[in-house]
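**Q** Here's a structure for you.
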Amino acid sequence: MESNIMSQPSQDQGIPSRRRCYRFSSQRIWRSIKAVIFSSKINVLIPFGPVAIVVHYVHNHGSVFFLSLLGIIPLAERLGFATEQLSLFTGPTVGALLNASFGNATELIISIQAMRNGMLRIVQQSLLGSVLSNMLLVLGCALFAGGIRHKNNVQIFNERDAGLNSGMLMVALMGMLSPTVLHYTNTEIQSGKSELVLSRFTSCLLLLAYAAYLFYQIKYQPTDPSSNQEEIQNEEKEEAVLVSKWECITWLVVFTVSISVLSDYLVDAIEGASRSWNIPIAFISVVLLPIVGNAAEHASAIMFAINDKLDISLGVALGSATQISMFLIPLCVLIGWVMGKTMDLNFKLFETAVLFLTVVLVAFMLQDGTSNYLKGFLLIICYFVVAASFYVHVDATSADNKLPQG
């Protein structure tokens, strides 16, 4: 009896302790949700995702595609936010690998869903569109906005870094040109098979080159004493940690799964949207789909340029284009190989020619290390020329990709 009486206070003391733990856990969860969900105005678009799923059962493909696009945009932006937060808990090497893995996760998820449905041309064109969008539209808007904001001063950027990214894009272009030229010159040993084998071999080499690029960026890239690199690094270190490491991992899983679910509905509605809107699939793939993955980059690149941090703007735009062309496209070829799909680097003559002209144009624009609003305006004009070209382009490999009537 005495032992029971003596043990009673400890049990009573344990109940408030558990309540405090529960209250602390609830507060922590709410703080995490507030920091991730309610801290960005773009998250008002999140409800469009569930609406797209509901509309899917009405068989209105045009509405499903549009609503899915709107729903994925904030999820992609928040996925990038969670990746940045997680990188604050890691070193530069792991942070670079995280950015390589999740930096273009939205495009990768959409590409995998499209490959599962056998839409290989949509995969190629959407990835190509992401590269073109970053190099022309995102970079152009950043240079234009920065030039307007600082029109009395010439904005200067690190031409060595810009030249390195341009060189990487040239390497990626060579990797895509080889299978295309092999196909159109009819010089294959085995028709249809040689370009596929070459594409897979080249993809392995491009991934190796991208790994070397990351290693160089982390370990051996020299710093320019006149640049503001140290200032940028100090600002990154002072950036507030808003969520814990395990919360970051949890949010990464949540957003990745959400994007995967929505992208399934998005891909399924592409052909129906093309027919109902009377718009070529090539235009949807090259112009509309990349908006999903590039929305966050677009906004951040412009803001950095306005704040006279042009090196970061170029790093966002050209860095994303380099990552897609050197990492994501070769990775999709290898994933397609594992899935038994004939995904290759033969992007067809028209698309490859557009990419070639874009890479050369951007390299020419950035060769002197200076920027102004005119350069940005010209890049934007070129993007609209490319967009219009794909609107009237007939893709012979897609039966549904017809010219718009009237």
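Glycine too: its Cβ is placed from the backbone N, Cα and C atoms.
Fair warning: this is a prediction, and the values are worked out from it, not measured in the lab.
Straight from TrEMBL, here's the annotation block:
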- 64-218: domain 'Sodium/calcium exchanger membrane region' (DOMAIN)
- 250-390: domain 'Sodium/calcium exchanger membrane region' (DOMAIN)
- 35-58: transmembrane segment (TRANSMEM)
- 126-148: transmembrane segment (TRANSMEM)
- 168-185: transmembrane segment (TRANSMEM)
- 197-216: transmembrane segment (TRANSMEM)
- 249-267: transmembrane segment (TRANSMEM)
- 279-306: transmembrane segment (TRANSMEM)
- 312-337: transmembrane segment (TRANSMEM)
- 349-367: transmembrane segment (TRANSMEM)
- 373-394: transmembrane segment (TRANSMEM)
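Relative to the rest of the structure, where do these features sit?
**A** Counting residues of the domain 'Sodium/calcium exchanger membrane region' (250-390) by DSSP class, helix then strand then coil, yields 118 helix, 2 strand, 21 coil.
Counting same-chain residues at least six beyond the ends of the transmembrane segment (373-394), those with a Cβ under 8 angstroms from any Cβ of the stretch are 132-133, 135-137, 139-148, 151, 279-280, 282-283, 286-287, 350, 354, 358, 361-362, 365, 401-404.
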**Q** By Cβ distance under 8 Å, which residues at least 6 away from the ends of the transmembrane segment (312-337) in the same chain are close to it?
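**A** Hits for the transmembrane segment (312-337): 99-100, 103-104, 107-108, 111-112, 115, 120, 123, 127, 130-131, 134-135, 138-139, 142-143, 146, 157-158, 161-162, 165-166, 168-169, 171-173, 175-176, 199-200, 202-204, 206-207, 209-210, 213, 232, 294, 297, 300-302, 304-305, 343-345, 362, 366.
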**Q** I'd like to know if the transmembrane segment (197-216) touches the transmembrane segment (279-306) in this structure, counting it as a touch only when three or more C-beta pairs sit under 8 Å and are separated by 6 or more positions.
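**A** Per Cβ check, the transmembrane segment (279-306) does not touch the transmembrane segment (197-216).
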**Q** Could you pull out which residues elsewhere in the chain have a CB under 8 Å from any CB of the transmembrane segment (168-185), counting only those six or more residues past its ends?
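**A** Distant contacts of the transmembrane segment (168-185): 135, 194-196, 198-199, 202-203, 205-206, 209-210, 213, 318, 321-322, 325-326, 329-330, 344-349, 352, 355-356, 359, 362-363.
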